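Below: the structure, in structure tokens.
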Amino acid sequence: MARLVLHVLGILLICVPTFALAQEALAQKVVLEDGWEYRWGDSPRLPDGTVLWITDADAPELWQTMSGIGNPPGRNDQNNLWMRHRIPEGNWHQPVLFVSSLNLIGEAYVHGDRIYQHGQLNDNGTGSFAGWTWHAIPLPTGSADEYLYLRLYSTYKDIGLWGKVMVMEKAEVLPMIIADTRADLLVSALCMVIAGLAGLLILASPQQWRLASIGLFALATGIMVIAESDASQLLLARPLLWDYLAAASYFSLPVAMALMLEHWFPQCRHWLLHSIWVAHLAYMFAAVGLAMLGLASLTMAFPVFDVLLLISLTLIGLILFRRHRTFDTDQWLVILSYVAFAIVLITDMLVAHGLVHWYSVPVNLGALVFALVIVLISLRFYARSQRELHHLNSFLEREVEIRTQALETHAERERERATLLAIEHNKSQELAHLIDCLQSIGALESALQRTVDAMPDLLHPLHGAFYRLDPQTGCLKLDAVWPEHHQAPHTLKTPLPSYESLADHLRPGSMTRHQSPSRNYSRLTNEDGGASQYWLLPLDIPRANQQFQRLGVLYLVPHENQHWRTAHSDRTLQFIEMGIGRLSLVLSSICLQEELATMSYQDGLTGLHNRRYFDELMAHEAAIAIRKRSPLSLAIIDIDHFKQFNDRHGHAAGDSVLCSVSRMLSNSFRDIDVVCRLGGEEFVVLLPGAQADDALQRISRMTRALSESAFRYGEASLGTVSVSCGIASYPANTNDPHALLLLADKALYRAKAEGRARITIASHDDAPS
């Protein structure tokens, strides 16, 4: 940056002696803003490679007169344009055609020869963007009154020439450029100085973000001004590089402006304001990056940015307007400078898009004034902030003296509390992980064992043990102890109270109360009358009718280090009780799910599986039989005349007969055969891997045993009962094992129709059509 500033100052020194020469040379300049002719498209070439449109063989009537120096009518998506103008007469030693800029690349021809080119135009008349810059096209000596042809190519919204177009002496170009750009160079140098000062102050100021936004705006303005000025080519003749710098700095201006507003107006901080500068920053990197990679055109990024900038300026104005009643003097000065600079930017857009007649908009001066106003306001704010900071420091020093002693006293307690909270946090995570594991366990016994296994790590560093309730003896027996060297009694006896006396304290359901009954027995008495530090906490789960089932008792010895001393014992005990309460609810849920699962698949009267279990098992076994092509048999058994039996002996006697028949059925088949109660007096037997004859043999033995059995209910003899049975088998009777139930039911119907007390095997006639 220092070298760039030296270059700029060197050029400024040249401005003074050359300014008078530049003013005198203006009289020798011939402006060519009218009289141009144009022709759309690209000229064909003769066999020898000569361009047709610049030869005498060309048809002059096809050239049309245009108004101005660019954007002739009738473009119609054309990207190629030829322009021509007769070279005026003049007393020039080295005449040149000076053009401020052309869109976008082109070539110049005189006497059929190419005398100048900007960019590379191929035979198809296309090429890549080479940057916006001024051009000094050398004109051949003695070419007065000859046509100067310009071959132009542009994918931009504009095509043609832009800015100044004049014939002048070559020696006058440099003084003219310096004279025209000395204000730009001065503004750029001042902006660079402001950016450098802001960068230095960032290191020592608490307002880093505010100074950073000012420095970013000044830096972007300085680079933009020097990059867009004609003098940039005198520093480094790389027009495309300067265009990239100009685009990056121009696209960065809204970022700096939004950052300044975001930090100058804390009452207006809004997610939309933050999103605006983030969006512009992303657009800057995307547009410049894609252009440098050749994936997009830099020229098309400017119209899109102008639309985005207009939207952003409107949104920022709306955000500020909503809180305008809360602004102070400094904020109003910022807004006025912001509005003035926004007007300059919008005017520059209108000129660039041809909506307003071309003239040089002083964007550089507007940016400089904006930056200077912001700097002055920042200095004023900084001075005021320093005074307030001094008063605040004095006040804080007094407050610190007053509170230091109290904080020192409180610090030790807070460290202990922080350590305890950290332990509780870790234990809560371990408990949550344990509860997550328990959720996937379906059996209460397995869940309880998993809980006991996790207790040593969960309750570390406490020593302890867990006692399981023996349902046979009703005593609490040692189930787990930690650590291994800890001595814990095998049962809760002396010096601990017996289970009976402990039960008076450990009332079922005590963990569900807000009071902590366990504190009544947290200090148990030894035989010698001394107090022992033991905690006994019951693990109960709620059951029906507000009853509780005791699973065991947790026996803990408090740790003797500083984190578990008496000052924190109540908190620690309460934390453990809450954890046991959570485990109690989870284990209760598992127990309830286990009971519900049993009830949903079991017949309450006979203990056999019910119809729901049979339906699921039938679908499973049918799928296996189809996949393995293995036999599957099904039998439906119905007690004959059971309704009359109930009417004669009563429903209680009928229920006893159903239970007896159920036991006989369960004992008459293989372990892999499944007996289910369909409902009422109907039973079904599923025999995987069995043919119809195998099922017939087993059911026949069962019916003979049943006919020889006399049933009794209390003192009354009920006599004997008979059954009817229908059997169906896959694949003997059907090709679809899912149809076995229907076939067996039809076979049972035929057995009843033929006189009952018999077994019937399904036939092919029973198969569904």
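The backbone N, Cα and C atoms fix where each Cβ goes, and this holds for glycine too.
The domain 'GGDEF' (630-764): residue composition by secondary structure is 59 helix, 39 strand, 37 coil, according to DSSP. According to TrEMBL, the feature domain 'GGDEF' maps to 630-764.
Under the heading signal peptide, TrEMBL lists 1-22.
Per TrEMBL, the feature transmembrane segment maps to 185-204 (among others).
Positions annotated as transmembrane segment by TrEMBL: 211-229 (among others).
Sequence annotations record features per position, and here TrEMBL assigns transmembrane segment to 241-259 (among others). Sequence-distant contacts of the transmembrane segment (241-259), counting only residues of its own chain at least 6 positions beyond either end whose CB sits under 8 Å from a CB of the stretch, comprise 131-133, 209, 212-214, 216-217, 219-224, 227-228, 232-233, 273-274, 276-277, 280-281, 283-284, 287-288, 291-292, 298, 301-302, 305, 309, 312-313, 316, 338, 341, 345, 367.
Using a Cβ-Cβ cut-off under 8 Å and counting only residues 6 or more beyond its ends in the same chain, the transmembrane segment (271-294) has close neighbours at 128, 244, 247-248, 251-252, 254-255, 258-259, 261-262, 301, 304-305, 308-309, 312, 315-316, 319. According to TrEMBL, the feature transmembrane segment maps to 271-294 (among others).
The list of residues near the transmembrane segment (300-321) in space but at least 6 beyond its ends in sequence, with Cβ under 8 angstroms from a Cβ of it, reads 155-157, 247, 250-251, 254, 257-258, 261, 265, 268, 270, 272-273, 276, 279-280, 283, 287-288, 291, 335, 342, 345-346, 349, 352-353. What TrEMBL lists as transmembrane segment is 300-321 (among others).
The transmembrane segment annotation in TrEMBL covers 333-359 (among others).
Residues annotated as transmembrane segment in TrEMBL: 365-383 (among others).
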In the predicted model, what is the mean pLDDT computed over the domain 'GGDEF' (630-764)? 89
